[in-house]
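Okay, structure first, notes after.
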Amino acid sequence: MCASPSTAPGFFNPRPQSGAELSAFDIGLSRSMGLGVPPHSAWHEPPASLGGHLHAASAGPGTTTGSVATGGGGTTPSSVASQQSAVIKQDLSCPSLNQAGSGHHPGIKEDLSSSLPSANGGSAGGHHSGSGSGSGSGVNPGHGSDMLPLIKGHGQDMLTSIKGQPTGCGSTTPSSQANSSHSQSSNSGSQIDSKQNIECVVCGDKSSGKHYGQFTCEGCKSFFKRSVRRNLTYSCRGSRNCPIDQHHRNQCQYCRLKKCLKMGMRREAVQRGRVPPTQPGLAGMHGQYQIANGDPMGIAGFNGHSYLSSYISLLLRAEPYPTSRYGQCMQPNNIMGIDNICELAARLLFSAVEWAKNIPFFPELQVTDQVALLRLVWSELFVLNASQCSMPLHVAPLLAAAGLHASPMAADRVVAFMDHIRIFQEQVEKLKALHVDSAEYSCLKAIVLFTTDACGLSDVTHIESLQEKSQCALEEYCRTQYPNQPTRFGKLLLRLPSLRTVSSQVIEQLFFVRLVGKTPIETLIRDMLLSGNSFSWPYLPSM
């Protein structure tokens, strides 16, 4: 056990009361007063009882203690005086140990002199730099803890200053701080340089980071997010191959969004936020489509989602004539004749083509894409229209319309035709069993029309986005209009793949051979698209 500083021999305690503290101002001298050098006789060896704390005092002159060398000078009164001044100065100003001492109580000169020789004999005039060589390199950190118990009785302020002395009142030395800051600045600089060297994959501007799966600038990031969140659809005034770079990226929004998707920016990475209540309708983006006042059938309760409801409204208004007008061609409770069946079939096909020409976004596609889409899906649209108007499908009139009664044929061919008629009837009846309303039929036809399975499409990405828009509209409509049928949307979508089981050749043979003979339906579809309103069939009276 070490001797307590207050009871050690030769130690003068000016305040023997318990818990008393002594600060630099309690000494009673002016701060600017000089420190006198004591006579040589004042310096003596420390008592043996304190040897555990003052082991450095036994070192002879010129001894190097710790990592700091004395330069061979030993312990001198002048060096100790400098250390005394540094210790007392610590109480007033912690960060510096370089200044000269000021003021010392003459009554404790001998007591401090018995403890201070344990410090290194060199000058205390500098910070410990960690070099371990040269005079004046600072107080040895290894002996600051040895001096700590002896100075404790003189006040808590001096204790704090002595604790901070070995490291210069900090956790690191100036040299280590400099090295650390230099390494950090170099690392951060290399990171900044690496970011600055990455270009936006869309326009080539400086990238601000990875957004939605790719490195892009802030402009392209905001443009892509805005386009996806609002389901915006653009049109190109050129050949849909506009240059997208830093100087031309704002000239064509269609080609810019197309390049964003082409370079790998993901739609699903954009978080769906709230659509602003003042969002412009579809009529603002496509002036040729005007929404009349009032909601069509099935849209009245769809007010919470104005954008999707407007889209469905446009799909419904694109019908060339109301569904109720189909009833004029049918005779209730009676089997339709051959002429009535052919007339109704012609109207259904013509209605599908005219509807496609008037719905949003389809006329903006290239003519080659329009023809390719309708050639592929015309039979599916025909089945949907047949189900929507509750077209009667009796076997005998269908066989008669196909001309199978007029010419003898093999039994296996008749059986095959009967199977195709049965498949056609099943698809129509399954759709009718779901009680699909007009808005749902319009969305289903849009989903069928905007397919990417057609060959030779020039803009697959844009067509796919239109199909996704139609699916979103149908899903939201089913959720709001049929809240008690959570599986309705899924059931409707599952009916679409089955529509392709109905052979287009069979439909053509059953309904159109009497009208066009051997002319392919695909040729008629192209003529209807290119002729505008001048196209007419013999079974298309004015409605």
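Even glycines carry a Cβ here, placed using N, Cα and C.
What Swiss-Prot says about this one:
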- 38-191: region 'Disordered' (REGION)
- 56-68: compositional bias 'Low complexity' (COMPBIAS)
- 83-101: compositional bias 'Polar residues' (COMPBIAS)
- 122-141: compositional bias 'Gly residues' (COMPBIAS)
- 158-170: compositional bias 'Polar residues' (COMPBIAS)
- 171-191: compositional bias 'Low complexity' (COMPBIAS)
- 197-272: DNA-binding region (DNA_BIND)
- 200-220: zinc finger (ZN_FING)
- 236-260: zinc finger (ZN_FING)
- 307-532: domain 'NR LBD' (DOMAIN)
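Residue counts for the zinc finger (200-220) by DSSP state, with H, G and I taken as helix and E and B as strand, are 3 helix, 5 strand, 13 coil. Predicted-model confidence for the domain 'NR LBD' (307-532) is 83, expressed as mean pLDDT. Across the DNA-binding region (197-272), the DSSP tally of helix, strand and coil residues reads 25 helix, 6 strand, 45 coil.
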